[in-house]
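*Asks:* Dumping the structure here so I can ask a few things about it.
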Amino acid sequence: MSSDFESYEQDFAVLTADITGRIGKVPKLVGDEKKQMVANVEKQLEEARELLEQMELEVREIPPQSRGMYSSRMRSYKQEMGKLEADFKRSRIAYSDEVRNELLGDDGNSSENQRAHLLDNTERLERSSRRLEAGYQIAVETEQIGQEMLENLSHDREKIQRARERV
């Protein structure tokens, strides 16, 4: 069964490499070639999503004791898929900007640069927010553990004092 998973992994690796190459070509193409490439990338992204679903089904059938390793692989593949989709979205935004510029006769380089800059800043903000949230969770957990320890120490102190009084 893990051989099926490994086969899906190999297919996914080949497919994502091809998608990455095609996404890089999208902004450089013009007209119908560009439309065709965008359509091809969309089809390949759908294939990659289906492969991920198949891999998830395989992971569910793996015995629980060895499922952890495969689950962590799945998380990394999902992250890679998200990155591919975001890259494709950016390349399509660049594509739509170029079409708009052709129609309006607008240079639009500053608009494209601003959009890319805004996307980068938005990603940085999201990453920072996630880090802050994780740090806050750790602080809350640490505070709870510290409070439990203080309560335990207080109970132990009371027990020791009672024992001293008896002696």
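FYI, residue positions are counted from 1 along the chain as it appears here.
The backbone N, Cα and C atoms fix where each Cβ goes, glycine too.
TrEMBL feature annotations, pasted as is:
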type	residues	note
DOMAIN	1-91	domain 'Vesicle transport v-SNARE N-terminal'
COILED	31-61	coiled coil
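Set these features in their place in the structure for me.
*Replies:* The average pLDDT computed for the coiled coil (31-61) is 88.
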*Asks:* If you run through the domain 'Vesicle transport v-SNARE N-terminal' (1-91) with DSSP, how many residues end up as helix, strand and coil?
*Replies:* 86 helix, 0 strand, 5 coil
